[in-house]
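Note sheet for the following structure.
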Amino acid sequence: MTYLMNNYARLPVKFVRGKGVYLYDEEGKEYLDFVSGIGVNSLGHAYPKLTEALKEQVEKLLHVSNLYENPWQEELAHKLVKHFWTEGKVFFANSGTESVEAAIKLARKYWRDKGKNKWKFISFENSFHGRTYGSLSATGQPKFHKGFEPLVPGFSYAKLNDIDSVYKLLDEETAGIIIEVIQGEGGVNEASEDFLSKLQEICKEKDVLLIIDEVQTGIGRTGEFYAYQHFNLKPDVIALAKGLGGGVPIGAILAREEVAQSFTPGSHGSTFGGNPLACRAGTVVVDEVEKLLPHVREVGNYFKEKLKELGKGKVKGRGLMLGLELERECKDYVLKALEKGLLINCTAGKVLRFLPPLIIQKEHIDRAISVLREIL
């Protein structure tokens, strides 16, 4: 008997605690975590600096709403803007889908403020941007739409790495192009440097906002603080969440100064967004991730080479956001790995996705590879 709605196809295990890169079930069995709560636990589990900061904040102040000044928001926003390509402003939300919704609203508001009727968006096939109506409409996967139609009007889907398909969808009412530079849920599909360069040119040429969904790729996951930095892009807006709080729910959008000005009092908001606890968590995560970036690149390259050596499929991704595309469905392998104490994820049917904590070491990767070699 359960009192929970049947939303999730849960695996047959109950975790009761975590430490570092490991989770432990009710029986005390140890599991090597290469999922990180779907890219959330950037610093692993029970990371001492994060744990201590949260304990201190809980005893001080949890929530005040956005009716008042919030120094914790200011501190975290400054740290996020510091890594942006230009001066910008931050709006805080609670999740990835809320961040994408905020980006959509901001883009429409920006063009309305400029007196232009630009309200449409182009996103990409196999993309995933969230499950609330705006972000769901931006998601280029019909399986997520089924049963929830009609969707929000104005969204169309181009093919990743096919610039002609983007041109075909563009018109004078296009407000923004929304893209993940590496699609996560869609199968760890990377946009090419040439394609992204041309996409940037289109946005500039056609007066369209470039919105990058960094919910999964951001905050050090790919070896750069923001994944767009691999490609020398200059986005107008980026959406953040997942790894930013290290396990505490938080989302954010970061927009360049001119675009950000379109959010004015009453235009958009959030009761919980940017509460002191979440922002305190985010501040610790950002400080630690800044120091971890060279490590993420090093162990990410090591992991990628080890996956290639398996010779079992196409290896995709960057840093510690990697995928192994198999020739058959991968759901069974997730269960086999679970039995052997390794947590991995199957996405897009045939892609094993790996999102370990950013603190992972080479010996952990060796252990994971050993399990993969055995089960594959």
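Keep in mind that glycine also has a Cβ here, set from the backbone N, Cα and C atoms.
The model shown is predicted, which means the values in this text are computed figures rather than measured ones.
Swiss-Prot names G96, T97, D213, E214, V215, Q216, T271 as pyridoxal 5'-phosphate ligands; from the candidate set F121, F128, F303, the record adds F128 to that same site. Just one residue in K206, K242, K340, K350 has N6-(pyridoxal phosphate)lysine written against it in Swiss-Prot, and it is K242.
Sorting the binding-site residues T97, R131, Q216, T271 by the number of other Cβ atoms within 10 Å puts Q216 first. DSSP gives D213 (pyridoxal 5'-phosphate binding site) a strand state. Put simply, T97 (pyridoxal 5'-phosphate binding site) is 13 Å from S270 (N(2)-acetyl-L-ornithine binding site) when counted between their Cα atoms.
Within the same chain, residues at least six positions away from D213 (pyridoxal 5'-phosphate binding site) with a Cβ under 8 Å of its Cβ are G96, V100, A103, S127, H129, I178, I179, E180, I238, A239.
The pyridoxal 5'-phosphate-binding residues named in the record, G96, T97, F128, D213, E214, V215, Q216, T271, extend over a maximum Cα to Cα distance of 25 Å.
For the recorded positions T97, E214, V215, Q216, K242, T271, a Cα to Cα distance of within 10 angstroms from R131 (N(2)-acetyl-L-ornithine binding site) holds for T97. Note: the CA-CA distance between Q216 (pyridoxal 5'-phosphate binding site) and K242 (N6-(pyridoxal phosphate)lysine) rounds to 6 Å.
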